[in-house]
Amino acid sequence: MKIILANPRGFCAGVDRAISIVELALEIHGAPIYVRHEVVHNRFVVNGLRERGAIFVEELDEVPNGAIVIFSAHGVSQAVRQEAKERNLKVFDATCPLVTKVHMQVARASRKGTKAILIGHEGHPEVIGTMGQYDNDKGGIYLVEDVEDIAKLTLRNDEDITFMTQTTLSIDDTAGVIEVLKQKYPAIQGPRKNDICYATTNRQQAVRELAKLSDLVIVVGSKNSSNSNRLAELASRMGVTAKLIDDANDIEVSWLDNVTVIGLTAGASAPEILVQSVISRLKELGVDKVEELEGCEENTVFEVPKELRIKEVE
């Protein structure tokens, strides 16, 4: 048996930045540091930060007045920002800049009173935060997950309408939804460039190539990670057995029956250390060769807030 590694895989720039913000806040200010929602959707990462003194909460009422709080990479609503301000919380914002870009699109629509349609998964924290950028009773924001939801929309064609998307969606599914949306509302406006982020796009393309070569695709990522789920779904749609695992302990020996080539990748919030532990476990189970696809190079870097940049000693 051999493993073929997808490339790129694992951490994206937004996740790197979010984790660095928590680590630097702990280093500079000391524990406890409060984090609203899991900073990224990965159990290993969250547990590691918790051990270092990060306290993860779902709502700000769990944070003492005046404390330091970090907003997760998924972003928050304007109401959450206002609550933090009113309670004098010291905020470090780990919202991915590419999510912030979508927030700005929604805020612009809100200011103009333009009706906004967000394509995304109901209940996902990124979607909740993005919907929460709209604050204009003269307009409105509407969530659609699939083409069936579009049929339920009752907006008129003579209204100003714009759309935007969650950043971690399936490229193929979203393209289909946008096509139907444009058929129903021919004058609808949208972003010049797709809101699905570069990392989601690159990792899905890498899995597309990986699935062509594999008998089994293993995706390292947590069950609540949107982009990790999309990778497993994509491989499965291409006719390959796909498994989403948190770590090497989730691997079942029976998966390897009649398998010659294992494709291995990781979601954007899964660290490389987990990939390496999976490789080690698979070697114990008979893998004797590891290859890596060439893939595309990623060089995107997002800076942490200036208050957290540690100056080098001269």
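The backbone N, Cα and C atoms fix where each Cβ goes, glycine too.
Taken verbatim from Swiss-Prot:
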- Glu126: active site, proton donor (ACT_SITE)
- Cys12, Cys96, Cys197: [4Fe-4S] cluster binding site (BINDING)
- His41, His74, His124, Ser225, Ser226, Asn227, Ser269: isopentenyl diphosphate binding site (BINDING)
- His41, His74, His124, Ser225, Ser226, Asn227, Ser269: dimethylallyl diphosphate binding site (BINDING)
- His41, His74, His124, Thr167, Ser225, Ser226, Asn227, Ser269: (2E)-4-hydroxy-3-methylbut-2-enyl diphosphate binding site (BINDING)
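Those residues of the chain, other than His41, His74, His124, Ser225, Ser226, Asn227, Ser269, with a C-beta within 8 angstroms of the mean position of the dimethylallyl diphosphate site C-beta atoms are Val40, Glu126, Thr168, Asn224, Ser228, Gly267, Ala268.
Taking the mean position of the Cβ atoms of Cys12, Cys96, Cys197 as the [4Fe-4S] cluster site, the remaining same-chain residues with a Cβ inside 8 Å of that point are Ala13, Gly14, Val15, Ala73, Pro97, Leu98, Val99, Thr167, Thr168, Tyr198, Ala199, Thr200, Ala268. In sequence order, Thr167 are the recorded positions from Cys12, Cys96, Glu126, Thr167 with a C-alpha within 10 Å of the C-alpha of Asn227 (isopentenyl diphosphate binding site). With Cys12 ([4Fe-4S] cluster binding site) as the anchor, the candidate recorded positions are His74, Glu126, Ser225, Ser269, and the one with the nearest CA is Ser269. For Glu126 (active site, proton donor), the binding-site residues whose C-alpha atoms fall inside a 10 Å radius of its own C-alpha are His74, Thr167, out of His74, Thr167, Ser269. Thr167 ((2E)-4-hydroxy-3-methylbut-2-enyl diphosphate binding site) and Cys197 ([4Fe-4S] cluster binding site) are 5 Å apart (CA-CA, integer value). Of the binding-site residues Thr167, Ser226, Thr167 has the largest number of other Cβ atoms within 10 Å of its own Cβ. The binding-site residues near Cys96 ([4Fe-4S] cluster binding site), taking a 10 angstroms Cα-Cα threshold over the set His41, His74, His124, Ser226, Ser269, are His74. Taking the Cα atom of each, His41 (isopentenyl diphosphate binding site) and Thr167 ((2E)-4-hydroxy-3-methylbut-2-enyl diphosphate binding site) are about 14 angstrom apart.
Residue pair Ser225 (isopentenyl diphosphate binding site) / Thr167 ((2E)-4-hydroxy-3-methylbut-2-enyl diphosphate binding site) shows a Cα separation of 12 Å. Note: the Cα of His74 (isopentenyl diphosphate binding site) and the Cα of Thr167 ((2E)-4-hydroxy-3-methylbut-2-enyl diphosphate binding site) are spaced 10 Å from each other. A C-beta separation below 8 Å, combined with a sequence spacing of at least six in one chain, links Ser269 (isopentenyl diphosphate binding site) to Phe11, Val15, Val40, His41, Asn42, Val45, Ala73, Gly221, Ser222, Ser225, Asn227, Ser228.
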